[in-house]
Amino acid sequence: MTVKLQQDVKEFRNSFLVLLQSYQGDYQSCLSDITAAVQRTQLSIEALQACQSEAARLQQHLEELESRYHLEQQRRRALHNSLVELKGNIRVHCRIRPFWSFGHKLDGSASQNCTTPGEVVHAVDDETVLVRCALPGRPPTDKTYNFERVYGPAASQAVVFEDIRPLLISLLDGYNVCIMAYGQTGSGKSYTMLGPHSEDDAAALLSGVHEDLGIIPRAAEELFRLISENPSRSPKVDVSIVEIYNNNIFDLLAKDNSTVMLGAKCQMATMQEGRSEVPRLTCRPVTSAEEFVGLIHKGVRLRVQHPTLVHKNSSRSHLIVTATLTTASPLGNTATQSSQASLQKIAGASNWWITPPPASSPHTIPADSADHPGQVLARLQLVDLAGSECSAVSGVTGLALKETSFINRSLAALADVLGALSEHCDHIPYRNSKLTHLLQDSIGGNAKLLMILCVSPGQKHMAETLRGLTFGAQARQVERRAPRRRPPSPRMQKPGMGLAGSQALP
Ligand SMILES: Nc1ncnc2c1ncn2[C@@H]1O[C@H](COP(=O)(O)OP(=O)(O)OP(=O)(O)O)[C@@H](O)[C@H]1O
């Protein structure tokens, strides 16, 4: 019995030992698996860390490349601007207004730089516009247009004005400057130049919140800010406002009560030297941005506006605001031939803000009279053109149809003038329309001319949009004389009388 028990215990021990050995084998292989897995994990962590540091290196490299690219872009743009200036090209900026479905404004972000069905015009980058042309029965095609600057629908009034600011510095440097908004009806010209409309009062478009203000009130503010930076040579500023309605010129600042509805009708006259002028045009001196904007209020209230199917507050006339700057020349009316030579030198200097000579100098002249000889004169023209439109689309009839046809004819005359200029024709047909006749010196003369091409992004406006973009692209091709500073002329005309009257340096 005892022997049997001992035998059982021995067998149990043996089988236990076999079992234990097999578990030990499993344990060993498990352990080596775990060790291998840990090693693999460590390798992965190291690889991950290596990847992470490589990604950080690439990110840094990318940031460096991006900043170099932006720098290069800025340099390229500066070179392009110098080239444009040297060749006397017209600068064209294009602004795409927000998209409104069913002709109504979308609220908030819906219209901001994202694609909505029916929205066919896009800003690809800040120099390229893309139009997705989808005609029924044809595969969609993309057309691109390049301009000096392109603003998408989200661009604020402040961003648009930032690119205008240098032109005001040029104005105070003695250059004539013209900024003109062109585009289809309802494409945002008045919004860009003046600000948003008020339902009841057209002039209230200037009294909105500051961030909504357009180029004209901002330019008035900037002009007087720049003037205040150098009070010793404060120029005198005179403002005139005219509209061209049905190919007639109306003085919107005329006092005459009988003309209160439209302003006084004016004629153009050609002076002996061939300059075109509007005689007896009202010209008001202003001493602050508020006074300047006050006059614009007065003028805009008289401007002709009618609703069309496209646009409720459609401007039916071209509005031209002219600010004329008169200041004391650094040399006075006793200037001799040699002083005239230094005058030319000063006119060619990089900064117009020239410290006046000491009071004892024989060249010193009083700075406060517009008629005083030896004055430097520069002119700023701000133009809100009436909208180009297809009468079939805008739904106009009767008198409105007549207005539309005058608007379209004057814009066609503008296109003809630009076409003749770009082909360097001997005859430029400025006199085919009051608009081109009045703006002759700004378009073909020595002014720095910026055209702001406003476009609607919707499919239904595509034909007009393509026409406008083609017009803008052609305008960019026009090479005029390089803009010149006005020389301080010994006998300067009275400011404001000659809207188009400026003389180039010889
Ligand atoms: N960028 C913009 N952001 C917000 N609203 C805009 C913008 N552009 C235009 N609008 C609005 O669109 C409407 C039409 O614009 P606007 O009156 O400036 O067009 P227009 O081109 O001057 O038209 P018209 O030639 O018929 O006078 C207005 O209600 C204006 O406030």
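A Cβ is built for glycine as well, from the same backbone N, Cα and C atoms used for every other residue.
Sequence-distant neighbours of the coiled coil (48-82) (same chain, 6+ residues past either end, Cβ-Cβ under 8 Å): 91, 148. What TrEMBL records for 48-82 is coiled coil.
TrEMBL lists 89-478 with the feature domain 'Kinesin motor'.
DSSP assigns GLY186 (ATP binding site) to coil in the three-state reduction, outside any helix or strand. Annotation source TrEMBL lists ATP binding site at GLY183, GLN184, THR185, GLY186, SER187, GLY188, LYS189, SER190.
According to TrEMBL, the feature region 'Disordered' maps to 476-506.
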Minimal Cβ count within 10 Å, across the binding-site residues GLY183, GLY186, GLY188, points to GLY188
Mean pLDDT across the coiled coil (48-82) comes out at 87
